[in-house]
Amino acid sequence: MEKYLIVGLGNPGSNYAKTRHNVGFMVINEICNKLNLSLDSSKFNGIFTKTIYNNSIVFFCQPTTYMNLSGEFVIKMLNFYNIPIKNLIVIYDDVDTKLGTIKLRKKGSSGGQNGIKNIINILKTDEIKRIRIGIDKDPHIKLDQYVLSNFKIDELVIIKPAIIKGALATLAAIGEDFDKVMNKFN
């Protein structure tokens, strides 16, 4: 059976739980709720669950380091469980994408997002499948303050369907051709 590492990016702790920067965690939580799983294992500064999905062994994970150190967790999980980079999918927030829009890519730069930037640097490749959840940006608020702020009530109505769609796209990508999944969800 093929193995997959699905990593949602965010910052640990209840004070960050509802922030824009934590939509990757929110997607992992949505998947766990949908599949009746819990993140009940911990290793390498991260929490995860292991399950069988679509004839594949899948690890759904949340690093418990801060966002900009996510790569350490990712490389340790890939190496320890012998998971190929081609079966890594990273889910994270994107300030350059409209709120509530999801975008799937097979490779590319970090776009300034520090979590994926750290993963790219540590893995020494930008050929990493990713699901970006649009959180927009506010020109009146400094970027670091904006991404660490909670969604406003009117934004939750927009972001919740994107989190669900991100979860569905993630599940669709397991054991499937990523190009087909991109065509369906982009």
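The backbone N, Cα and C atoms fix where each Cβ goes, glycine too.
As written in Swiss-Prot, here are the features:
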- HIS21: active site, proton acceptor (ACT_SITE)
- TYR16, TYR66, ASN68, ASN114: tRNA binding site (BINDING)
- ASN11: site 'Discriminates between blocked and unblocked aminoacyl-tRNA' (SITE)
- ASP93: site 'Stabilizes the basic form of H active site to accept a proton' (SITE)
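Fewest Cβ neighbours within 10 Å among the recorded positions ASN11, TYR16, ASN68, ASP93: that distinction goes to ASN68. The subset of recorded positions (TYR66, ASP93, ASN114) lying with their Cα within 10 Å of the Cα of ASN11 (site 'Discriminates between blocked and unblocked aminoacyl-tRNA') consists of TYR66, given in sequence order. Close to ASN114 (tRNA binding site) in the fold, though at least 6 residues off in sequence, lie MET67, ASN68, each with a CB less than 8 Å from its CB. Of the chain residues outside the tRNA site list TYR16, TYR66, ASN68, ASN114, ASN11, HIS21, THR65, MET67, LEU69, SER70, GLY115 have their Cβ within 8 Å of the site's Cβ mean position. Neighbour list (TYR66 (tRNA binding site), Cβ cut-off 8 Å, at least 6 residues apart, same chain): ASN11, PRO12. If you measure from the Cα atom of ASP93 (site 'Stabilizes the basic form of H active site to accept a proton') to that of the residue listed as 'active site, proton acceptor', you get 6 Å. Sequence-distant neighbours of HIS21 (active site, proton acceptor) (same chain, 6+ residues apart, CB-CB distance under 8 A): LEU9, GLY10, ASN11, MET67, ASP93, ILE135, VAL147, LEU148.
ASP93 (site 'Stabilizes the basic form of H active site to accept a proton') carries a strand DSSP state (E or B). For the recorded site, TYR66 (tRNA binding site), the DSSP three-state label reads coil. The secondary structure of ASN11 (site 'Discriminates between blocked and unblocked aminoacyl-tRNA'), as reduced to three states from DSSP, is coil rather than helix or strand.
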